[in-house]
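Trainee: One structure coming up, written as structure tokens, with questions to follow.
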Amino acid sequence: PCPGLCGVNAQCQVINHKPFCSCLKDYYGNPFEQCMPKPAEPVHPCQPSPCGPYSECRELNDRAVCSCVPGMLGTPPNCRPECETHQECPSNRACFGQKCKDPCVGSCGFNALCAARDHRPECSCMEGFEGDPYTGCNPIARAPEPVNPCNPSPCGANAVCKERNGAGSCTCLPEYFGDPYTGCRPECVQNSDCDKFRACVNNKCKDPCPGVCGLNAECRVQNHSPICFCLEGYTGDPARGCSIEERVTERPRQEGCSPSPCGPNSQCREVNGHPVCSCQSGYIGTPPSCRPECVVSSECSQDRACLNQKCADPCPGTCGTDARCQVVNHNPICSCSPGFTGDPFIRCIKKEVERDPPEPINPCLPSPCGPNSQCRVVGTQAACTCQANYIGRPPNCRPECTNDAECASNRACQNERCVDPCPGACGSNAICQVINHRAVCTCSDGFEGNPLVQCDRSLPPTTERLTPCTPSPCGPNAECRERNNAGACYCLPNYEGNPYDVFSGCRRECDVNSDCAEKLACVNFKCVDPCPGVCGSQALCDIVNHVPTCVCPEGMIGDPFTRCELRLEEPITRAPPVCDQNTCGPNSICRIQNGVAVCKCQPEMTGTPPNCRPECVQSGDCESQRACVNYKCIDPCPGSCGQNAKCQVINHNPICSCSPDFTGDPFSRCYKEVRTTTPAPPTPCVPSPCGPNAECKVVGSKEACSCLPDYTGSPPNCRPECVLSTECAQNQACIRQKCTDPCPGSCGLNAKCTVVNHTPSCSCEEGYTGDPFTGCQFIQAKPPPEVDRSPPEDPCYPSPCGTNARCRPVDGGAVCECFENYFGNPYTSCRPECVTNSECSRNTACIQNRCKDPCPGVCGHNAECSVINHTPTCTCREGMVGNAFEQCLREEKPPAPSDPCYPSPCGLNTVCRSSGGNAVCECLPDFKGTPFGRGCYPECTINSDCPRDKTCVNKKCVDPCPGVCGYRAVCHAINNSPVCSCPNNMIGDPFVECKEAAPKDPCNPSPCRTNGICRVVGGRAECQYPECVINSDCSPNRACFNQKCRDPCVGACGVNAICNVVNHAPICSCPERH
């Protein structure tokens, strides 16, 4: 019965004579009509996981995405833990919890050292200890010291002794030669020790020529001395510079001195019509071969050095106070006089006589190595070596140099190191050569201008008429001015010299400290006294090798860079050495080790206690490509220049200029220069020919340039009053590019402010105590404490520490430490990281006394923030326009090319509108500035943009006080914040209301003595005392009853008895016959 009965994809079965239709396997539907394939069940891509072990699977767009479990390494399906066995870790690590960790942690006992080897901790006792290092090590019992064959040393001078197999062996020091048992000597001591083409420089035979001769001159060595000659075709003074020899038609020689036949460095006098030649003053030889007395020190006697081409004593001004100087092989050697100690290059102080000093456990305490050296314990002896950057042999370690004459002629002495003076000395497109220790800058071929600032490409020659100033007859750094068809040469401002000298011309008074006298320093290219404003109150300033050194006068103590105070006279008592403000000197750290006070300089300080000093005090102490900011030599460029501008450091100052193909104000922002193919009709002042920070005005159809307000110089070289604080007086700081007093609003209540080296220093007024940067409180008079004859148990009570410092007792002594985020000498006072912006790098700002990035939260949506001169500057991203401080929107379709506002010629934060075919620029509302040039800016964006006694509200600097404090309260603006306080004689909550203080009870506390009764009479306290308190207060025949002296016999004896008072007591007796 089946055929033709069931549908497609169905099968037929006959059961009990009847046909039954059913769909095939994996099909569904009506079997009598048609069965369709079953759809495939949805499969979860992560079940089962295809990712492998130690991985996790996530479904993304119906696909499995695999990643390793956090803490696992590799990529799925090969995720694995960092380790499973020790061998998968470095040999100094072990596998714990599938992590490679240090196996040493907690493995060794006390006084033990741990070293991880082959994944296992190996413990060993520290040097000088013995025992089981896995439980604990104890000090080794001292045994009789073996005889050291090298102590005392059997070696001669400049030799070192080394022990080998119980015997001593002498060897010469490196670069010394000879018999080490009698004495080793350097390669040379005088010129005759070298061949005739070499000179003895710093005990080495060297070529004396580098850096000796001028431009276009060659050097030849004759008998150890460098001789300079002009190149062929050149003439002039070869020691200064040669120029191309002018070809003139020879005329018959005239008798006399015109022209002079005497040669360079000579003078000519006519005697009877004949020339008589002689060398100029300060020169030696015979014309025409006059030469300076010396060029290198080796031409002088051993006790002289070549200074300014003269053999002179190098000692004056080299050594510190109370130090003596001895010249050895042309070099000044400083040492402390007998009975004195310290750093002889800074100051020697008188040794304190100690009675019965304890035998030192550490041979390096005190150090036997002398100044500028370091001591290490080797075995049981002290091993001395010179500190880094110092040369010589302890105890006579000395800096590499103290003046230029101690360096090769092509090196200069900066920061006691012989360095190349060229980096940072010349401007862009200039070539630097070192001649006689000085950097000489010249423009490259095809360039002209001031080589100390910038050389520009020379313009092609014009066919205009020649003037007396074209070409210029003047020397470098001089300008030619035309008057009445005649030219005259003048030195540029702040330059001096001979403007007609085509070789030397005009130069600044100084470029580096070594150009000045020993007692002067080079500040802003002038030799000035570096002391004013450097030292603190009551401190003395002494100048050593151009560097100001501050010391407290005798009888005073403290940090001489902040303040010196009178030393309180205390009774001399023998006490164990402890750390106090007098132990190590200023800018140092004191630690107690083995009962001995150990001193070292604070981090970022240089020198040796007690003469620790900051890295720099003024920019002249730094290399020429760095500036002194907050006593540190740093790169002054970050944050100085605007966007798309390049920065170059020249003589400590950041010089900003726009990159190639960019134009604008390099101090704010440089724009891509728009080049058009069709020349536009010339419009005066568009583009401006005046340069950055200048404005252009049309006067009589011609451009007239002038510097913007608050800018100095003359176009195109207009610049702000200051960029770094070092450009201001010592009692001012550079704030918003102006030299101003940094004190207003910097210190707290009841504090006074003094400016030290451009930085405000706060101290509490007399009678007040506390943190002077937040507020000082009146010192409450306390009754004198009872005298306790027992020795004090807590060395921190009372605290010996200064302001903003904490005290810790260590080994029976007190150690002071500055609070967190405070810095300085904890024994005198600690101060916050910054008080004004000028104490931070230029790409940060002083926010809540910390140098921080001022950008977060300042700019609007789609805007970018960059910090320029401590101030956050907001700009819209490329392709966006609008107010960058609020919101930037995508730029609409560019208008027709004829629109003068596209691209906009205006500066930042401006609006451009077209008027008469010209672009007119205007500042956005509430912005001010120069819309055509630098752009417009709000008055402030963060609090640090305002003076310390103002705060930034809605981009304006306003007084934060109005409406803040309560009734009768007084408000002071301190650190950009309002501080409320109640006036004197008033109490209460200054943020709510101040009230008159209740009349003070003169009897509370009572001014009366013991047992006295205080009563207020007429607003004053009067004390009333009882007639007696005990019997001894009365006469012997009286006794004290109820605080009154009375007869004690009354009622004391019986009937018919006699009473006598003996020593205040009644004595009763019966009369005779009773």
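Keep in mind that glycine also has a Cβ here, set from the backbone N, Cα and C atoms.
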Trainee: Could you identify, going by TrEMBL, the member of CYS622, CYS647, CYS656 that forms a disulphide bond with CYS637?
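Mentor: Among CYS622, CYS647, CYS656, the cysteine that TrEMBL links to CYS637 by a disulfide bond is CYS647.
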Trainee: Have a look at TrEMBL and say which candidate in CYS300, CYS306, CYS325 forms the disulphide with CYS315.
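Mentor: Going by TrEMBL, CYS315 is disulfide-bonded to CYS325.
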Trainee: The disulfide recorded in TrEMBL for CYS209 goes to which of CYS194, CYS200, CYS219?
Mentor: CYS219
Trainee: What residue among CYS846, CYS851, CYS859, CYS865 is stated in TrEMBL to be the disulfide partner of CYS855?
Mentor: CYS865
Trainee: Any residues 6+ beyond the ends of the domain 'EGF-like' (634-671) with a Cβ under 8 Å from its own?
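Mentor: Hits for the domain 'EGF-like' (634-671): 424-428, 452-454, 511, 525, 619-620, 622, 624-628, 687, 692-693, 720, 723-724, 726-727, 841-844, 866-870, 873, 875, 907-908, 933-935.
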Trainee: Does the domain 'EGF-like' (419-456) make contact with the domain 'EGF-like' (465-498) through 3 or more Cβ pairs under 8 Å, each pair 6 or more apart in sequence?
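Mentor: Taking Cβ pairs at least 6 residues apart, the domain 'EGF-like' (465-498) and the domain 'EGF-like' (419-456) are in contact, with 3 or more under 8 Å.
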Trainee: C-alpha of CYS209 (disulfide bond) to C-alpha of CYS743 (disulfide bond): distance in Å?
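Mentor: Their Cα atoms are separated by 53 Å.
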Trainee: Using a Cβ-Cβ cut-off under 8 angstroms and a sequence gap of six or more, which residues of the chain neighbour CYS637 (disulfide bond)?
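Mentor: Long-range Cβ contacts: CYS647, GLN648, VAL649, PRO654.
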Trainee: According to DSSP, does CYS637 (disulfide bond) sit in a helix, a strand, or coil?
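Mentor: The residue in question, CYS637 (disulfide bond), is coil (DSSP, three-state).
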Trainee: Closest to CYS753 (disulfide bond): which of the disulfide-bonded residues CYS315, CYS422, CYS855, going by Cα position?
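Mentor: Going through CYS315, CYS422, CYS855 one by one, the closest to CYS753 (disulfide bond) is CYS855.
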Trainee: Round to a whole number and give the Cα-to-Cα distance in Å for the pair CYS432 (disulfide bond) and CYS865 (disulfide bond).
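Mentor: Between the Cα atoms of CYS432 (disulfide bond) and CYS865 (disulfide bond), the distance comes to 37 Å.
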